[in-house]
Each structure stands twice: as structure tokens, then as C-alpha cells.
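K.L.:
As annotated by TrEMBL, domain 'G-protein coupled receptors family 1 profile' applies to 41-291. What TrEMBL lists as transmembrane segment is 27-48, 60-79, 99-120, 141-158, 197-221, 242-262, 274-293.
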């Protein structure tokens with residue numbers, strides 16, 4: 001289905017995996033399981049932090065927000081994707097597409113900024129341990145969190161407005177399983193120069209800035225850890241940031257793989273979309289697993305939550 005010339009697009013069609021019908025049902029089962037594990041894992045992390053007073057510190061306030069993002073971000077795309085895997089009708093309204101793009105870009109952008117704030121938090125904790133409680137206060141933590149969410153949603157507002165101010169009159173088939181900036185902009189029959197420049201300039205400044213904060217923070221962290229003489233001291237220092245470092249590698253690695261890698265010439269576009277889809281939904285599922293396995297305080301809180309749950313069921 002395509003719309004040409006003077007006909008205004010009022011809805012879009014998400015191509016998704018329509019060219020790979022043989023994997024629809026296995027993927028539906030797999031993504032339902034991944035989505036449930038994501039919700040459960042991040043929900044348990046939230047419950048553990050909120051119920052364990054020892055974890056109600058700035059570091060874990062940041063982790064709480066990461067878990068919220070890992071619940072919200074897949075929730076912006078996965079339910080619609082699951083519906084499309086079973087149904088023949090892959091339509092999404094113009095407004096629905098705009099809202100999906102807005103919240104997806106906002107939540108992904110917020111996560112970029114949050115990872116930078118978490119890296120700064122670990123930098124202060126390891127490089128200035130005696131001044132940590134003076135620098136990273138609860139008030140400062142709330143200010144940083146407000147800034148990350150505000151920056152993420154403001155950045156997305158700019159991109160969403162520039163994308164949907166374009167004219168769409170030649171096709172309404174979105175070459176993806178959700179509405180994202182590149183595949184939607186590709187459908188425009190008007191000049192996309194401003195929208196593309198905004199992605200490069202605004203997105204570049206925010207994205208590169210957040211990445212540099214994260215990178216520089218870890219350069220100082222590694223430098224400080226290497227100066228510690230005892231092996232036990234190094235181990236303890238590294239253990240305080242190992243979980244976050246793994247999450248950073250996972251996030252940026254999957255982002256680069258999804259958006260920067262060249263399209264495979266050996267596989268169909270459907271298989272490339274499938275690979276992107278897997279990476280997009282798996283990352284939020286792995287984050288709580290990383291924190292629950294690597295962080296002894298979180299593991300202790302999770303054991304306490306499970307113990308209370310078992311005791312309440314027996315009672």
C-alpha cells in the first residue's frame with residue numbers, strides 16, 4: 001500500500017518482519033518471554049531498592065531510574081510489535097507513530113544522559129571518596145535526575161517536531177518494526193535537510209557530550225584504581241563500578257551495532273531488522289541481571305525480598 005502525490009498520509013504501515021513470515025510465531029513466543037523477564041527483573045530491582053533502607057542512597061536512586069527506563073523503553077515498542085507479529089494489519093495512525101517516536105527517542109536519550117550521570121557518580125565515589133557525601137547529596141542527585149529526564153524529553157520534542165513537520169506523500173510504509181527517525185524521514189517527499197541536520201548537530205552534541213563525560217569519568221576511574229597498591233583495594237574499587245561499566249558497554253555496543261553498522265549485503269533487509277530487534281529488546285532484560293549478579297548489596301536485598309515473599313506465602 002502506498003500513497004502518492006497529493007494524497008496526505010494519515011497512517012503508516014510498519015513493515016517489521018512481513019518479509020520473514022516463517023519466524024513470526026517463534027519470535028512472538030521469544031519476545032513475550034523476553035518482555036516478561038524484562039518487566040519482572042527490573043520490577044524486582046525497583047522493589048529491592050525501595051524496601052531496603054541501606055540501598056536508599058544516590059547511587060541506587062540512579063539505578064532506580066535506569067530500571068524505570070528499562071521498563072518504559074521496550075514498552076514503547078514491544079506491545080505493538082507483538083500485535084503485528086500475529087495480526088495481518090500492521091497499520092499505525094499518524095499521531096500514534098509520532099507519539100511512539102517521541103517517547104522512544106525521549107527514553108533512549110534520557111538513558112544516554114543517565115549513564116553519563118552514573119559514570120560521574122562512580123568517578124566521585126572512587127576518585128574523591130572522602131568528599132563523596134558532600135558532592136553527591138540527595139538534593140544534587142534529584143537535580144541531576146531532573147536534568148537527565150528534561151534533556152531527554154526536550155531533545156526528543158525537537159526531533160519529533162522536525163520529523164513530523166515534513167510532508168509525507170509518496171509512501172507510508174515504514175521500513176522498521178516501530179517508528180524511528182531515519183525510516184520515517186526516508187518517507188518524506190519534501191526537503192529533509194533541516195531534520196537530518198538537527199539529528200547530526202543537536203543529537204551529536206548531546207550524544208557525544210554524554211559519551212565523553214562517561215569516557216573521561218572512566219579514564220580517571222581506571223587511573224585511580226591502578227594507583228591503589230593492594231590487590232584487595234583494587235578489587236573493591238573496581239567492584240563498585242563494574243556493573244555500570246558492563247551496562248555502558250552493552251548500551252553503546254548495541255546502539256553502534258543497530259544504527260552505525262553497514263547494512264548486510266548477504267542478508268535480506270528483514271534479517272537486518274530482526275537483528276536490530278533482538279538487540280533492542282535484549283539489552284533492557286540484561287541490565288537487571290548484570291546488577292543482581294555483580295552487586296553484592298543488590299543481591300542481599302533481593303534475597304531479603306524473596307525471603308519475605310516466601311514467608312508471607314507460608315503465613
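Each position is counted from 1, following the chain as shown.
Every residue, even glycine, has its Cβ placed from backbone N, Cα and C.
Note: TrEMBL annotation is automatic and uncurated.
What's the neighbourhood like for each of these?
P.N.:
Same-chain residues lying 6 or more positions outside the transmembrane segment (27-48) and placing a CB less than 8 Å from one of its CB atoms are 17, 55, 63-64, 67-68, 70-71, 74, 78, 81-82, 85-86, 274, 281-282, 284-285, 287-289, 291-292, 298, 301-302, 304-305.
Counting residues 6+ beyond its ends, the transmembrane segment (141-158) has Cβ neighbours under 8 Å at 58, 61-62, 65, 102-103, 105-114, 117, 120, 198, 202-203, 206 in the same chain.
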